[in-house]
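Q: Sequence annotations record features per position, and here TrEMBL assigns signal peptide to 1-19. Annotated domain 'EF-hand' per TrEMBL: 68-103, 104-139, 151-186, 188-223, 265-300, in sequence order.
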């Protein structure tokens with residue numbers, strides 16, 4: 001992907017790709033499922049493996065012997081134990097699961113990193129990002145692609161400053177990740193809402209009215225009759241989006257719409273793993289307790305063989 005494509009993708013990352021007029025567009029950020037496997041421990045622990053490691057990493061464990069699998073699991077436990085007190089809490093497990101599930105995000109940041117870290121100091125300053133991203137475009141007063149690069153740069157700078165927790169205009173890798181993927185960070189959610197409202201609020205009154213809400217999802221494009229889903233969205237706006245019934249969505253109502261409080265799959269899985277592995281029922285796990293239940297957390301040749309026998313018996 002060249003820089004112009006990257007710039008366009010970044011500027012639209014909290015919006016969506018264009019689609020046909022009759023297709024529904026969606027700005028809502030939902031928490032993804034932890035696995036596409038069925039969560040049924042009576043059949044297999046495949047769901048738990050995907051949840052704990054991420055689907056791609058889980059596959060690598062399937063090739064290991066039980067001894068190798070236990071050894072690698074023990075090393076992972078050391079990473080999960082963030083405060084190094086010798087115990088893994090439900091909260092630490094939840095954080096680990098969320099991190100494992102978002103590996104694709106960190107991979108994306110790694111792929112971009114070298115392009116922007118010009119002085120190779122392990123940090124990305126706003127000046128570095130601005131020069132790489134906008135340096136050549138700002139000199140063109142009339143770009144042929146229709147983008148207003150000065151306006152986009154102002155918007156990016158605002159987001160960069162929000163991601164930059166210590167205010168030094170220099171991003172660590174975590175801060176740069178928050179800049180590129182703000183919807184994944186609680187402290188960045190206000191900027192996601194603000195950018196979304198700016199995209200939809202065509203009359204710039206600070207609110208999203210019904211027609212702006214519908215117009216963002218659907219273009220009549222000469223069609224007099226609206227699809228059924230558009231009529232449903234009108235009802236959704238009146239009944240659920242506009243909570244105070246004033247005919248428009250404010251910042252909080254927009255936040256409830258695009259960043260709903262979804263069921264926390266990572267929290268539920270962390271609770272499940274602790275419940276199944278906590279031998280002394282003290283509410284936290286030692287490395288020994290986790291490794292003893294290694295087949296729950298990770299796969300190996302042995303667990304795969306056992307599951308193969310179960311599947312064979314079913315036939």
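The backbone N, Cα and C atoms fix where each Cβ goes, and this holds for glycine too.
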Q: Mind checking which residues reach the domain 'EF-hand' (68-103)? Cβ under 8 Å, same chain, six or more beyond either end.
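A: Those are 32, 34, 51-54, 56-57, 61, 184, 264, 266-267, 269-271, 273-274, 283-287, 290-291, 294, 297-300, in sequence order.
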Q: In the domain 'EF-hand' (188-223), how many residues does DSSP assign to helix, to strand and to coil?
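A: Counting residues per DSSP class in the domain 'EF-hand' (188-223), I get 21 helix, 2 strand, 13 coil.
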Q: Sort the residues of the domain 'EF-hand' (265-300) into helix, strand and coil with DSSP and give the three counts.
A: 23 helix, 1 strand, 12 coil
Q: Please indicate, using numbers and ranges, the residues of the same chain that are 6 or more beyond the domain 'EF-hand' (188-223) and have a C-beta under 8 Å from a C-beta there.
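A: Non-local partners: 14-15, 21-22, 24-27, 29, 155, 158-159, 162-163, 178, 182, 230, 233-234, 237-238, 241-242, 247-251, 254-255, 258-259.
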Q: Summarise the model's confidence over the domain 'EF-hand' (188-223) as a mean pLDDT value.
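A: Result for the domain 'EF-hand' (188-223): average pLDDT 92.
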